[in-house]
Amino acid sequence: MLLLPLLLLGVILPGGDNEDVFQGPTSFHLKQISTFVNSTWAQNLGSGWLDDLQIHGWESDSGTAIFLKPWSKGNFSDEEITELVDLFRVYLIGFIREVQDRVNEFQLEYPFVIQVIEGCELHSGEAIESSLRGALGGLDVLRIQNHSCMPAPDSGNRGQKLCALLSQYQGTSDIIERLVSETCPRYLLGVLDAGKAELQRQVKPEAWLSSGPTPGPGRLLLVCHVSGFYPKPVQVIWMRGKQEQPGTQQGDIMPNADWTWYLRVTLNVAAGEAAGLSCRVKHSSLGDQDIILYWGHPTSIGLILVAIIVPSLILSICLALWFWRRWSYQNIL
């Protein structure tokens with residue numbers, strides 16, 4: 001564990017260059033969703049995530065892990081991965097059995113869903129923080145951190161009973177503590193290094209403007225679309241000159257299939273006030289060259305004309321050359 005701070009510096013500051021700040025994910029979490037339909041049917045779903053990027057899946061029928069990226073194993077050996085997969089398989093089977101045996105004790109009513117999330121997160125200049133959280137139907141029940149189990153404030157007796165139950169299974173508690181405090185930080189540093197070519201890439205966004213559904217008489221909904229960017233942090237602002245416009249509404253940043261992101265930012269304005277507005281996009285891949293799109297700017301019409309005229313001109317030149325060569329060949333004959 002004493003080597004972790006040095007490894008952390010190697011991941012965040014590759015090559016020891018303070019200017020080369022890590023731009024990719026900083027956390028890894030395993031997510032478990034266990035659905036209990038009745039006393040005889042239950043199902044486990046599992047996945048592994050670097051921030052919002054999924055790199056693992058879980059095949060519940062066969063009890064095997066699915067590695068979604070070539071580097072998803074990090075720097076763990078095949079033997080270590082096999083040991084961990086076997087451990088999770090046994091845990092998930094035992095988890096369902098244990099919960100079904102204690103439905104009455106914890107006053108649970110079918111159907112219900114239990115969620116568990118465990119993982120660790122890098123904090124620049126600080127230690128790696130690890131934790132495990134459990135929830136019932138979306139409401140927190142307990143949290144395990146710093147070698148202690150803490151009931152959630154609104155969990156009532158359930159959180160206290162679960163923490164008391166875990167304290168009776170010292171072997172299980174020790175395994176959880178080792179996975180969260182030791183295995184997870186080591187895996188996180190290894191997978192960030194193994195996948196750094198993809199995780200630290202910079203992909204420039206594409207941006208375009210459109211109008212949305214009419215919000216009311218005499219009103220316009222201006223929409224600024226930004227897509228295909230990576231990493232996730234981005235700033236999109238509707239502006240008039242250098243003044244940010246109030247009333248800007250930003251949607252959720254949504255994932256694309258290629259691990260890039262999409263964002264939609266809208267502004268509701270009076271139809272007569274749309275002229276002179278612009279959408280500014282700031283992203284790390286752009287440096288200080290922000291994308292600025294002007295609503296109804298003449299440049300947009302000019303670009304459309306260029307897009308039509310240039311291909312037509314090229315086609316005309318090609319046809320002229322073809323007729324000239326054919327005419328020359330006939331004259332020779």
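Cβ atoms here come from the backbone N, Cα and C positions, even for glycine.
In Swiss-Prot, the feature motif 'Internalization signal' is placed on 329-332, out of the ranges 165-168, 177-180, 197-200, 329-332. Only one of CYS184, CYS279 is recorded by Swiss-Prot as the disulfide partner of CYS224: CYS279. Within the set CYS163, CYS184, the cysteine that Swiss-Prot bonds to CYS120 via a disulfide is CYS184. Look at the Cβ of each of the disulfide-bonded residues CYS163, CYS184 and count the other Cβ atoms within 10 Å; the largest number goes with CYS184.
The shortest Cα-Cα distance from CYS163 (disulfide bond) to any of the recorded positions (CYS120, ASN146, CYS184) is found for ASN146. CYS120 (disulfide bond) and CYS224 (disulfide bond) are 35 Å apart (CA-CA, integer value). Per-class residue totals from DSSP over the domain 'Ig-like' (185-295), listed helix then strand then coil: 20 helix, 51 strand, 40 coil. For the motif 'Internalization signal' (329-332), the model gives a mean pLDDT of 53. It is CYS149, among the disulfide-bonded residues CYS120, CYS149, CYS224, CYS279, whose Cβ has the fewest other Cβ atoms within 10 Å in the structure shown.
DSSP classifies CYS163 (disulfide bond) as helix under the three-state reduction.
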